[in-house]
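Peer 1: Before we start, here is the structure in question, set down as structure tokens.
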Amino acid sequence: MNAREIAFKVLSDIEKNKNYSNMSINKHFKELEIKDQDRGFTTELIYGVIENRNYLDYVMNKLSKMKAEKMQMHVRIFLEMGIYQILFLDSVSDYAAVNETVNLVNGFDKKSSGFVNAILRNVIRQKETIAKVDITDNIMYLSTKYSYKPWMIKNWVEKFGQEFTEDLLDANNEKPSIYIRVNTLKTTREELMSKLSDMNIKCFKISTLEEAIRVENLKNIENNKLFKDGLFTVQDISSMIVGKIVNPKENSRVLDICSAPGGKTTHLATIMNNTGHIVSRDIFEHKIKLINATANRLGLTNIEAQCFDASVLDNDNIDKFDYVLADVPCSGLGIIRRKPEIKYKEKADLKELPSIQSKILKNASKYVKIDGVLVYSTCTIQDVENIDIINAFLKENDNFKLVPIDAVNVDVDNQDKGYLKIYPHIHGMDGFFIAKLIRVR
Ligand SMILES: C[S@@+](CC[C@H](N)C(=O)[O-])C[C@H]1O[C@@H](n2cnc3c(N)ncnc32)[C@H](O)[C@@H]1O
């Protein structure tokens, strides 16, 4: 199967089955045995189309009487793929973009190929004029140009201002770097970098985190021998910072109440040098095996994975833990670079989150011993899911207080106050919120 065909299959799967892009890509790449040289282009095409869908449909609508939202799904996706290649990919000639797309349509639905061919040729002919977004309303202009639901742009412009929002939108369209976390139980950063370099993988040390490496050209990770041997885990810097802030001592008792697939849990277990005991919970049974698989691969034996709903109070574990991490479910608006489909979430879909987050935080606090640490984190930049949750919690729980964060030097404006607000365009990493509290009595 060629790269464009696979991209079409993945895009259809994401749309039909509401799957996350990264999961659908992994699943299809595994099942379809894609050639190594096709992985990059296929991934770029999939992410490019999702990232720019509103804009691509806007361009399409300028040329077609039948509007994008009325088209059959497959015809629209073929057109989005073709227009994306013409307007965004310098590496693909206009001729190839049209011909390859039309060939694909022919094999799928012959009667639509003339229509697709005509639209794509018109895109090429009128490139200069149709590529421009001619919308005067600021919110609609930005939500078309950058492809977002208008409510998100409106929310950010009101909250952060125009310049901040545009910088954020630009950063969200950038390709995120890949970072790996060294399994310090099995190797050192230097040794791992040298082994990766032998595989022609470019490595760069991250000065602020001693276990972090930025890598380039690391493909087909699950089949990489060093990965299979458990020498590293793929994890963004922001997520590693959460582990650094919890920073559990050896032999302590830790509870991670929303822990699948286990990125932060395995980091905590490593920081503890595989001593003590970590109870790693998640509400989904099928995700528990992901935690166990990663722990096994990394050679960690101090993790006990359990299926448990964090919104239900577990009376058996009150006051039992030295450290509790609540890495709660959230809107994900800080990780749009990695999951661009988040741009199209409806406001209503996210309405319930703050009350779930508050409930989970409240329960999490009950498991913390006196003098114990409670860390709350999200991968979103929305105050309603972040600092507002913490402030409301502190109002009702004066036995907890925020404590200055000194494990990292990231958000100098806030970390002395006990929390970090991380933004992709300011800090060059996933957007996160992390608060550190201690139980004082
Ligand atoms: C942000 S993710 C956690 C990521 C994880 N800490 C890591 O670093 O790999 C949030 C997790 O919370 C889980 N979750 C959602 N609702 C939950 C609940 N009520 N109780 C426990 N886990 C829940 C989700 O299944 C998801 O795996």
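Keep in mind that glycine also has a Cβ here, set from the backbone N, Cα and C atoms.
Here TrEMBL flags Cys379 as active site, nucleophile. Marked as S-adenosyl-L-methionine binding site by TrEMBL: Cys258, Ser259, Ala260, Pro261, Gly262, Gly263, Lys264, Asp282, Asp309, Asp327. According to TrEMBL, the domain 'SAM-dependent MTase RsmB/NOP-type' annotation covers 168-440.
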Peer 1: Which binding-site residues (Cys258, Lys264, Asp309) fall within 10 Å of Cys379 (active site, nucleophile) by Cα distance?
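Peer 2: The binding-site residues passing the 10 Å Cα test: none.
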Peer 1: Provide the number of Cβ atoms within 10 Å of the Cβ of Gly262 (S-adenosyl-L-methionine binding site), excluding the reference atom itself.
Peer 2: 27
Peer 1: Restricting attention to the domain 'SAM-dependent MTase RsmB/NOP-type' (168-440), give the mean pLDDT.
Peer 2: 97
Peer 1: Mind telling me which of the recorded positions Cys258, Cys379 has the densest Cβ neighbourhood, counting other Cβ atoms within 10 Å?
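Peer 2: Its Cβ has the most other Cβ atoms within 10 Å: Cys379.
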Peer 1: What same-chain residues, at least 6 away in sequence, bring their CB to under 8 Å of the CB of Asp309 (S-adenosyl-L-methionine binding site)?
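Peer 2: Listed in sequence order, they are Ile283.
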Peer 1: Who sits close to Lys264 (S-adenosyl-L-methionine binding site): which same-chain residues at least 6 apart have their Cβ under 8 Å from its Cβ?
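Peer 2: Long-range Cβ contacts: Ser239, Val242, Gly243, Val246, Asp256, Leu325, Asp327.
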Peer 1: Using a 10 Å cut-off, grab the number of neighbouring Cβ atoms around the Cβ of Ala260 (S-adenosyl-L-methionine binding site), all chains included.
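Peer 2: A 10 Å sphere around the Cβ of Ala260 (S-adenosyl-L-methionine binding site) contains 23 other Cβ atoms.
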